[in-house]
Each structure stands twice: as structure tokens, then as C-alpha cells.
Amino acid sequence: MSSYELPVTTTEPAAQTPIPVRRSLSTRWISLLTLTTLLIAWWAVTATGVIEPLFLPPPAAVLQKGWLLATSGYMDSTLWQHLAASLSRIGLGLGFAVLTAVPVGIAIGANRIARGIFDPLIEFYRPIPPLAYLPLIVIWCGIGELSKVLLIYLAIFAPIAIATATGVRTVDPAKLRAAQSLGATRAQLIRHVILPSALPDILTGVRIGLGVGWSTLVAAELIAATSGLGFMVQSAAQFLVTDVVVLGILVIALIAFALEMGLRALQRKLVPWHGQAH
Amino acid sequence: MALLQLERISAQYPGAPAPVLADISLDLGPQQLLVALGPSGSGKTSLLNLIAGFVAPSAGRISLDGVPVKGPSAERGVVFQDDALLPWQDVLANVGFGLELAGVPKTQREARAREMLALVDLAGFDHRRIWQLSGGQKQRVGLARALAADPRVLLMDEPFGALDAFTREQMQELLLQVWRRTAKPVFLITHDIEEAVFLATDLILLAPNPGQIVERLRLDFGQRYAAGESARAIKSDPRFIETREHVLGKVFSQRQVSP
């Protein structure tokens, strides 16, 4: 094999490497620099008294309040209890949505009749902002947990069902034929070929759904709730407790960020072939 | 005694003005490696899809062991041009996929899959991921997967068409070795004249508008390779070159007659 090797001209590696190394570092450093600058600006405008603490409390005060909230609480509940209330609502909504939207999406993608039934229903309610039908849900299901979980469920259901259907419709026909020529039944095709093929799309649907779901949940808690991060922010605002408001917003942002990063990691773990040439 | 029989097959896609295949009859027996050679548009892929059962003929009869072919089945294993492997499974699971579908226990199907991987010179590749393989390696996994299910006949849809010339040469030799060792009848389609002449025990030449058989040849170059002669010696043999030029001439004379 190696007897006909072409002569390779060796170049100095140092002459070519500096550019990629500098580039791989810079993006992260720029992001970090942006965040640090923002924090310093926040600290500067509050420390010099340009902005009154009523409108923007200094970072240290927010941090201190955070400690106080985590240990003794605000409005009868600690920060953890508010957080747990919000997370359990979105967790329940997401769980039910995945369990129902994935089968419905597969049915839409694989079956003409199912597409005829579900497509108009989903396309009808999907463009409506969830908060617009929250009052109706409250009339039907009361003000308790059910109405909030149902709202989240509906917000997450559509993106997952649509993404799943898209994934099913774009399954490589050669893979289906390969499985059929190995003796696959229709059920086996769904289980062994269609579902794994659609998994990258399903996870993308879950990511989009969680983003929509989280913002809907917090907004719903601002309007009608007695616990949760949205409620904490809203009730603190009514008493002009600005540090709790700022802290609440930061925690909400952190959770959204963590959900997004967690799902990206899950996507890398579950579908490592996605984006690979195969 | 023919294993696979096609009797006066015609095929026409719904809405198409002309048939893609007209009046095709052919037999495939136990020791045969039948190659269908033709330019694009001659309906060779349609012919393979008919035999595999992916589409139904508009007229005629296809039977395997005397039983009419209805839809795809594990009796007719297919190797695709684009490998069509499952990237969420490793190499071993891909090769054992047909057995998994048939409900064969895990240890048994893994043993069989290892055996097939050794047959295609990929022993030790068990836990590689599909996207880590080269084009030639993927085609070998595809071949091992089709063989693992122990089909009655092996159908190959331009299996080496997407490979570079060097890899294609190696894969042709590998196919002949596998064919000799497993004694599976093979039906292969290609548009590569040299490949067709080298591999075939029986060659059919297809011409387009509509797809029809214009030449049938019995050849022995593949058998000479199997008997120990080197591939290069065979391909530079005057008789090989003569056959190749004859087939090439036939393709071009068909081209001129057709509109």
C-alpha cells in the first residue's frame, strides 16, 4: 500500500497554526468581557448614586437579598419553594406534552387521515398567544395548579408535535426500504427506523417548546398564582421591593439558560450522529 | 433450475406516458452472478426495485422458488448505493439488524454478525460508529447486513457507484470472494462496463425507451478470478478487452437508434 506514497512537502507548522488558535479563544473571551462590562457598569451607576436603589439596587444588595430569600424566604415561601413551584409546573406540562405530542406527531407524519384530523386543530391554536386563552382555561379549570399546567402543556404540545411530524416526513426512504428488505413490519419500521430518525427533530421541538413554555409559565404566574417565580416578582413589584424583582428576573433568566444548555447537552448525547456526514 | 424467475415483466409509473421496462424475462440460478448493465434511463434501478418488491410490475410475473413475489421480504436481501445504514446503532448492531427484526436472541445474532463482518474483512469493527467509516467500509457493512439475514438471493443496487476507482476495484474483488464463499446468487446493477464484464457470470445489457434487454452474454472472468488469477491480469487479457469493447459498441449502437 505504502510503496507509491507521493512526496509530501513538509511545511513549518508554526507558520499556519496561530490563526485558528486565536479564533477559538476569542469568541468566549468576548462574551465573558461583555458580561463583566455589564456587571461593572451596574456596580458603577449604583455606587456613584447616579441611579437610586429604588430603581436599581446595587449588585451586592441583590446578592445579599438572594441569600436572605434562600434561607428565610419572601411572601411565606423561600426562593427554593417558588423555584420548585415553577419547575414542577413546567416539568408536568413537559412530561405530558412529550408523552402525547410525539405519538400524535408520528401519526401526522405517517398517516394521511391523522394528518387531516390533527393538522387544522394544531394550526388553529398554535398562533394564539397562550395568555390570550388563559382566561378561558381559568373559567373551565379554576385558578389552581391544573389551569397552569394545562396552559404550559398546550404551549409545549404544538412545537413538539409539529417537529416530530417534520422528522417523520423527512426519514430517508433508503433506510425504510433497507429495513423492509430485512423483513421489518410496519410497527418495527416506526420503532427501529422512523422514531430514531426523527429524534433530532423531536429534541429540537422540545427545546423550542421549553422556551415557549417557560416564558408562558412566568407570564401566567404574574397574572394568576400564589407561588412561583413570576408571582414572587409580581408581588415584590407591588411593594417596590426592587432587589427581589431584579433577583427574580435573574433567576428566571438563569433557569431558561440552564434548560437550553441542558437540552443541547442531551441532544449531543442522544443523537451524536446528527450533523455528521453518514 | 432457476431460483428467481421474471416472466414478461413490464413496468410503468402512474401518469408516465411510456413504460420504463417492457417485456423483460430472465432467470437467476444458484451459481449465478447476474449483472444488469445499462446507461441511465434504461430502467435498471426499476428492475431491481421490482425484484426487491418495493414496486409492483404493471404486467408479468416475478417468482422466487415458484412463489410469486409480493412486497419486500428478508428472502431478497438488498445492498444499496447509498449505504442506508442506521447511524444510531454501531456496526455490529447494524449487521445484526435483520436478525433483531426476526426476534433472534442477542448473543446468537451478535455471533452471526461477527461471522459476517469477518467475511467482509471488517473483523474488530464491532463497536465503530457508522459515521466513522469510509465509503468502502460502509458498503461492506451493508453487504454483511444483507448476508446476515441469510437471504435466498442478494440484490445489489449500484453498490460501488459512489466509491473512488481504487476502492471500487478492491470491493469488486471482495464481492467475488464473498460470492464464492457464500454461494448466494447475486443480481447486481451497474453502469460501469468494466465492472459488469469482470463480475458477471451472466450479463444482460439494457437499452432505454423503454427499458429492454438487447444482449445476453455468458462470461467467465469472475470465475477465473475466483480460481486464483489476478484481477489485473484478467482485466488486461485481450479477451476481456475485446468483450468490453463489444459491449461498449452495443451500448452506442443502441444510443443511435433510439430518438
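Cβ coordinates come from backbone N, Cα and C, glycine included.
Since the structure is predicted, the reported quantities are computational estimates derived from the model, not experimental observations.
The domain 'ABC transmembrane type-1' feature in TrEMBL is assigned to A:83-263.
The transmembrane segment annotation in TrEMBL covers A:29-51 (among others). Listed as Cβ neighbours of the transmembrane segment (A:29-51) (distance under 8 Å, sequence separation of 6 or more from its ends, same chain) are residues 57-59.
Sequence-distant contacts of the transmembrane segment (A:90-112) (same chain, six or more residues past either end, CB-CB distance under 8 Å): 118-119, 149-153, 155-158, 160-169, 190, 194-195, 198, 202, 205-206, 209-210, 213-214, 217. Per TrEMBL, the feature transmembrane segment maps to A:90-112 (among others).
Taken from TrEMBL, the feature transmembrane segment applies to A:124-143 (among others).
Annotation source TrEMBL lists transmembrane segment at A:149-168 (among others).
Annotation comment: TrEMBL describes A:212-233 (among others) as transmembrane segment. Note on the transmembrane segment (A:212-233): residues 74-75, 77, 79, 81-83, 85-86, 89-90, 93-94, 97, 130-131, 134, 138, 143, 147-148, 151-152, 155-156, 159, 244-245, 248-249, 251-252, 255-256, 259 of its chain, located 6 or more positions outside it, place their CB under 8 angstroms from a CB of the stretch.
Remote same-chain partners of the transmembrane segment (A:239-259), defined as residues 6 or more beyond its termini with a Cβ less than 8 Å from a stretch Cβ, comprise 53-57, 61-62, 65-66, 69, 74, 79, 83, 86-87, 210-211, 214-215, 218, 229-230, 232-233. Per TrEMBL, transmembrane segment is recorded for A:239-259 (among others).
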Hey, which bits of the same chain come close to the transmembrane segment (A:149-168), Cβ under 8 Å, at least six residues off its ends? 89-90, 92-94, 96-98, 100-102, 104-106, 108-110, 115, 118, 122, 125-126, 130, 133-134, 137, 141, 194, 197-202, 204-206, 208-210, 212-213, 216-217, 220
